[in-house]
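Below: the structure, in structure tokens.
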Amino acid sequence: MIPVSLVVVVVGGWTAVYLADLVLKSSVYFKHSYEDWLEKNGLSISPFHIRWQTSVFNRAFYSWGRRKARMLYQWFNFGMVFGVIAMFSSFFLLGKTLMQTLAQMMADSPSSSSSSSSSSSSSSSSSIHNEQVLQVVVPGINLPVNQLTYFFAAVLISGVVHEIGHGIAAIREQVRFNGFGIFLFIIYPGAFVDLFTTHLQLISPVQQLRIFCAGIWHNFVLALLGILALVLLPVILLPFYYTGVGVLITEVAEDSPAIGPRGLFVGDLVTHLQDCPVTNVQDWNECLDTIAYEPQIGYCISASTLQQLSFPVRAYKRLDGSTECCNNHSLTDVCFSYRNNFNKRLHTCLPARKAVEATQVCRTNKDCKTSSSSSFCIVPSLETHTRLIKVKHPPQIDMLYVGHPLHLHYTVSITSFIPRFNFLSIDLPVIVETFVKYLISLSGALAIVNAVPCFALDGQWILNSFLDATLTSVIGDNDVKDLIGFFILLGGSVLLAANVTLGLWMVTAR
């Protein structure tokens, strides 16, 4: 949930700003000087909204807009084509997202929750891996509070790049550019450009399209550049960090099951999960997925060692149907099952580390027939979704983790980048990588959402200009053309509102 302290700071801060603004504007002594100061600095204040506009950057915008005229013409032509395609594609994307949300709501409904625990676990796991392209983000709920800096920085940069696109395109089409500004609405930052509306209305629909599509076009290009930077990050950081030999532990949560004297520590290099080699973050995630979805793997043990370590036990069934044969309070012993030479399933309680250390993994006794001595494949008898995982992090002794693989995934932070020198921070590549991922996601989302033909978004003006450019010669009656545009806008607005409303409900009500 959203921390109460954060809400108090935000509401309290805005209340103080608004009251101070109200008092100064009401004061006989400060009213005129305060309003002159606001006007001089391009500031305007209203409840939960601060806006700053300046003409300082006008010279730079005009310089960019008049440089390489032919290249800019082609650049914004590409943007116009992209914008029109994105506008119509957004209907399909929003429709698909809405269907996914409805399907997820039906899957989570009480009527569907009567299925077995294994099938519900499978469906919840699959939903993790089939995430929607568009998803509502609520700080403190599905956006970690400790990543708000990345989020808002990426939002601001995406907004600035978006508006720079509009500004340069407008100057290229001979529309007067009045200024550039930044605003803060509650906690969300953004940017805007001030264009001379009369000039904008006098140019042709195609010219208008180039201007209106420029913002989402620049966001799309920024997202592509972010993807390129993410792919090339190992090469960019190669002089300082190397990759491909394992994953480095950067943080272990205080409540993580991996904490302990023989657990994982910051700076450990993990090379294997069970028999699954780990060379990067993707390998780590794939190995954990495989371990979670496949049956518990076994370990080969010789008959003599098994006889030496085992002792008489009384097995009993747990509530989930699995078998337990050790003391519930034991921190070192684990119940194992195996088949003897007569193919009879037996259970024995063994000290876990001695049983699985320096042994090969197996599925059946046949996998252990590598020597003349008799061997058995012993499999940990654990609760349904619990796994025993041997984590190799040399030179330390292997960690034996018992729990759900997802708990290891969510409570241990890792990176593929290993510093070449001791003075280098292990967090720097993570910071860069995380920020670039946010920039890709938010810039791409800004391009998609703004392309939707919806009231008050770029999509509204893109649609109007597109209809003016294509239907004016076909439909002589402007009222009919406007009616067509209105119904398309209405459909896009309803579709977007439905996605946002249901998305918020899914995020906050679950």
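The backbone N, Cα and C atoms fix where each Cβ goes, glycine too.
The annotation active site is assigned in Swiss-Prot to GLU163 on the grounds of sequence analysis. Annotation note: GLU163 (active site) sits in a helical segment as assigned by DSSP.
For HIS166 (Zn(2+) binding site), the Cβ neighbour count at a 10 Å cut-off comes to 25, with all displayed protein chains included. What Swiss-Prot records for HIS162, HIS166 is Zn(2+) binding site.
The feature N-linked glycosylation site is assigned by Swiss-Prot to ASN328.
If you look up Swiss-Prot, you'll see 25-74 (among others) marked as topological domain 'Lumenal', on the strength of similarity to another entry.
Annotated topological domain 'Lumenal' per Swiss-Prot: 108-135 (among others), in sequence order.
The topological domain 'Lumenal' annotation in Swiss-Prot covers 243-437 (among others).
Residues annotated as topological domain 'Lumenal' in Swiss-Prot, with sequence analysis given as evidence: 468-483 (among others). Under 8 Å from some Cβ of the topological domain 'Lumenal' (468-483) lie the Cβ atoms of residues 204-206, 208-209, all in the same chain and six or more residues away from its ends.
The topological domain 'Cytoplasmic' annotation in Swiss-Prot covers 505-510 and is backed by sequence analysis. The average pLDDT computed for the topological domain 'Cytoplasmic' (505-510) is 77.
Feature annotation from Swiss-Prot assigns transmembrane segment to 4-24 (among others); the stated evidence is sequence analysis. Outside the transmembrane segment (4-24) by six or more residues, the chain places 30-31, 34, 45-48, 50, 140, 145, 186-187 with a CB less than 8 A from a CB of the stretch.
Look at Swiss-Prot and you will find 75-95 (among others) tagged as transmembrane segment, backed by sequence analysis. Residues of the same chain lying 6 or more positions beyond the ends of the transmembrane segment (75-95) and with a Cβ under 8 Å from any Cβ of it are 133-134, 165, 169, 172, 206, 209-210, 212-214, 216-218, 220, 447-449, 451-453, 459, 462-463, 466, 491-492, 495-496, 499.
Per Swiss-Prot, transmembrane segment is recorded for 96-107 (among others), and the stated evidence type is sequence analysis.
Annotated transmembrane segment per Swiss-Prot: 136-160 (among others), in sequence order, evidence recorded as sequence analysis.
When Cβ-Cβ distances below 8 Å are used as the criterion, the transmembrane segment (165-177) is approached by residues 58, 61-62, 64-66, 69, 72-73, 76, 79, 193-196, 199-200, 203, 207, 210-212, 214-219 of the same chain, each at least six residues removed from its ends. Swiss-Prot lists 165-177 (among others) with the feature transmembrane segment.
Sequence annotations record features per position, and here Swiss-Prot assigns transmembrane segment to 178-200 (among others). Distant neighbours of the transmembrane segment (178-200): 10, 14, 42, 48-55, 57-58, 61, 139, 152, 155-156, 159-160, 162-164, 166-167, 170, 208, 211; these residues of the same chain sit at least 6 beyond its ends, with a Cβ under 8 Å from one of its Cβ atoms.
The feature transmembrane segment is assigned by Swiss-Prot to 220-242 (among others). Within the chain carrying the transmembrane segment (220-242), a Cβ under 8 angstroms from the stretch's Cβ atoms is held by residues 82, 86, 157-158, 161, 416-421, 424, 429, 432-433, 436-437, 439-440, 443-444, 447, all 6 or more beyond its ends.
Taken from Swiss-Prot, the feature transmembrane segment applies to 438-455 (among others), supported by sequence analysis.
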What stretch in 96-107, 438-455, 456-467, 484-504 has the biggest tally of Cβ pairs under 8 Å against the transmembrane segment (136-160)?
-> 438-455
Based on Cβ pairs under 8 Å, which of the stretches 438-455, 456-467, 484-504 lies most in contact with the transmembrane segment (96-107)?
-> 484-504
DSSP helix, strand and coil counts for the topological domain 'Lumenal' (25-74)?
-> 27 helix, 10 strand, 13 coil
Distant-in-sequence neighbours of the topological domain 'Cytoplasmic' (505-510), which means Cβ under 8 A and at least six residues beyond its ends | 101, 104-105, 108, 136, 138, 141-142
